[in-house]
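Straight from Swiss-Prot, the features:
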MOD_RES   S14  phosphoserine
REGION    44-93  region 'Disordered'
MOD_RES   S74  phosphoserine
MOD_RES   S89  phosphoserine
MOD_RES   S98  phosphoserine
MOD_RES   S117  phosphoserine
MOD_RES   S132  phosphoserine
DOMAIN    144-425  domain 'Protein kinase'
BINDING   L150, G151, E152, G153, T154, Y155, A156, T157, V158, K173  ATP binding site
ACT_SITE  D265  active site, proton acceptor
MOD_RES   S440  phosphoserine
MOD_RES   S443  phosphoserine
Amino acid sequence: MIMNKMKNFKRRFSLSVPRTETIEESLAEFTEQFNQLHNRRNENLQLGPLGRDPPQECSTFSPTDSGEEPGQLSPGVQFQRRQNQRRFSMEDVSKRLSLPMDIRLPQEFLQKLQMESPDLPKPLSRMSRRASLSDIGFGKLETYVKLDKLGEGTYATVFKGRSKLTENLVALKEIRLEHEEGAPCTAIREVSLLKNLKHANIVTLHDLIHTDRSLTLVFEYLDSDLKQYLDHCGNLMSMHNVKIFMFQLLRGLAYCHHRKILHRDLKPQNLLINERGELKLADFGLARAKSVPTKTYSNEVVTLWYRPPDVLLGSTEYSTPIDMWGVGCIHYEMATGRPLFPGSTVKEELHLIFRLLGTPTEETWPGVTAFSEFRTYSFPCYLPQPLINHAPRLDTDGIHLLSSLLLYESKSRMSAEAALSHSYFRSLGERVHQLEDTASIFSLKEIQLQKDPGYRGLAFQQPGRGKNRRQSIF
């Protein structure tokens, strides 16, 4: 009966008559019918919603009539009571009537019906969510199959693995737990930061497995890293590819810096690359959230070759510019095929920097003489050399970008966000600046890698050949 009335009502809606009168009259009639049915159902008449007979086990009765306590009601009775208490929203009624999206029930009818939106289902608690994921297989070591050993360090071993859930390859970073010390602080940092970073140019943390003996981080698997890529192409990259990798590096770093996160350990070994050419920041073990009150950090960060001079001289107060110096060093290395400042000690590293960029003075670097290490070493007075003489394959824009990153005064270094808008990347087009955070640069058909001049026949080193990759992941 109710379905017939609904059809009649919908048919009246479709008539070509003045809209306001038709809506109000039809709704008035429907409202009255709806209220009657709703009241009759609440009076325990055996009539289900929209004219359907209710299931026998769901018949309604008072708890006191059955002699049961309210807390002892059967599931069927509890279900029916919940149904009696339900209120319908405007959206519910509109869906039942299949009204067009541009038609809304007038407010006065909603008030008359006292229709309130039903409570939305509450989100799962953290404990419930963990239990649900555990049922699927997440958080369990047996979900993953270890394949090849990729590397081993003081605290961790990295394996190539496979997920039984998805059949996808993964990287398993197994961190050994010492009962006296617990999980290393680097592992805690890496987990706490990566679980909140969702970007196409940042490695994805898929799962976390905690046992008595180990903490295993499950990452997406990428075939190679930038160091291995350079080795395989004979340290002679296409300048177009240099630009694409550089843009991806800056894109991922800008995302981190916008969230006040410093990577602090940028180097080619920590920039992973898959077969598609997607570059992703990895190894956040030394990363730091800068939102903490203090500005003092350890200066024992960043591999020596990519460490900025202010940190080499002992500065512990730094911000996002610490990463930008490393970006400049990596840019140079991709363009030339050799590291920019390959020093073996802090003093030698500073000597190489000063010999290329000129020995700093109070005029070129205010406050440099305040560093005791600078006064102690007594460096010769070098004059700056033109960068184009050392990186001749870079064009004018590339040299300008490089020089904007390799500045002594940290606050003067170009930021990652500003670097993305540099004219050096103009040839990539405008659409690369409009991508969503999780969208790959290669989702644009105009972005493709070119064959490198030093190409050796395979894009990446095959598993099992040469040294294990990602030695720097520790």
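Including glycine, each Cβ sits where the backbone N, Cα and C put it.
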For E152 (ATP binding site), the one of D265, S440, S443 that lies nearest, given that the recorded positions are compared by Cα: D265
Averaged pLDDT score, the domain 'Protein kinase' (144-425): 89
Rounded Cα-Cα span from D265 (active site, proton acceptor) to L150 (ATP binding site), Å: 20
Rounded Cα separation (Å) that holds between S443 (phosphoserine) and V158 (ATP binding site): 30
Cα-Cα distance linking V158 (ATP binding site) and S440 (phosphoserine), given in Å to the nearest integer: 26
Around the Cβ of V158 (ATP binding site), the count of other Cβ atoms that are within 10 Å: 24
D265 (active site, proton acceptor) and V158 (ATP binding site), distance between Cα atoms, whole Å: 18
Rounded distance in angstrom between the Cα atoms of A156 (ATP binding site) and the residue listed as 'active site, proton acceptor': 17
For the modified residues S440, S443, the one whose C-beta sees the most other C-beta atoms within 10 angstroms: S440
